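*Asks:* The structure is given below, and queries will be raised subsequently.
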Amino acid sequence: AVCVSLLGASSIRPLPLHLGQFNNMIKCTIPGSTPWWDFSDYGCYCGYGGSGTPVDQLDRCCQTHDNCYTEAQKFSGCSPYTRKYSYECSEGTLTCKSDNDECAAFVCNCDRSAAICFARAPYNSNNVDIDLEAHCQ
């Protein structure tokens, strides 16, 4: 086996395990998007952590997604950041499959709901990389 490290080769952060699935769900609902690039540093809640009042509808989608992940963690042994699940994308429609266990089904529905929310929310480039201390208290 060959291991190649790309650390430092790109300014884009690697996706934690299952977040690649969330990334692909967003691509399903917003074809042509680059979710990890477009949404990882948006508003007060899109990306790592979150606090304060969401700056707009899209940021509220991220806040709701964060809250959903908090709820998922209440299931025994359920880690939403690493939990893989089964889903399908067909012509922009996402379906969480019935073979998911309770944790996977919950996380899948968190991601599905967020991807649909993202697709419906306006994207304001002024809300990318905002001053969190000034806008998110």
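Every residue, even glycine, has its Cβ placed from backbone N, Cα and C.
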*Asks:* With TYR45, GLY47, GLY49 listed by Swiss-Prot as Ca(2+)-binding, which of these, ASP66, ASP99, ASP101, is given for the same site?
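*Replies:* According to Swiss-Prot, the candidate sharing the Ca(2+) site with TYR45, GLY47, GLY49 is ASP66.
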*Asks:* Between CYS89, CYS108, CYS110, work out which one Swiss-Prot annotates as bonded to CYS96 by a disulfide.
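*Replies:* According to the record, the bonded cysteine is CYS108.
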*Asks:* According to Swiss-Prot, the disulfide involving CYS28 connects it to which residue among CYS89, CYS103, CYS110?
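*Replies:* Within the candidate set CYS89, CYS103, CYS110, Swiss-Prot assigns the bond with CYS28 to CYS89.
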*Asks:* Of the listed cysteines CYS44, CYS46, CYS61, which one does Swiss-Prot record as disulfide-linked to CYS117?
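*Replies:* According to Swiss-Prot, the disulfide partner of CYS117 among CYS44, CYS46, CYS61 is CYS61.
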*Asks:* In Swiss-Prot, CYS78 sits in a disulfide bond; tell me which of CYS46, CYS62, CYS103 is on the other end.
*Replies:* CYS103
*Asks:* Can you look up which of CYS62, CYS68 is joined to CYS46 by a disulfide in Swiss-Prot?
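*Replies:* Answer per the record: CYS62.
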*Asks:* Of all the recorded positions given, namely TYR45, GLY47, ASP111, which is spatially nearest to CYS68 (disulfide bond) at the Cα level?
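*Replies:* Nearest listed residue in space: ASP111.
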*Asks:* Please classify the secondary structure at ASP111 (active site) using three-state DSSP.
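*Replies:* Its secondary structure by DSSP: helix.
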*Asks:* Across all the protein chains here, work out how many other Cβ atoms are within 10 Å of the Cβ of HIS65 (active site).
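*Replies:* Cβ-Cβ neighbours of HIS65 (active site) within 10 Å number 22.
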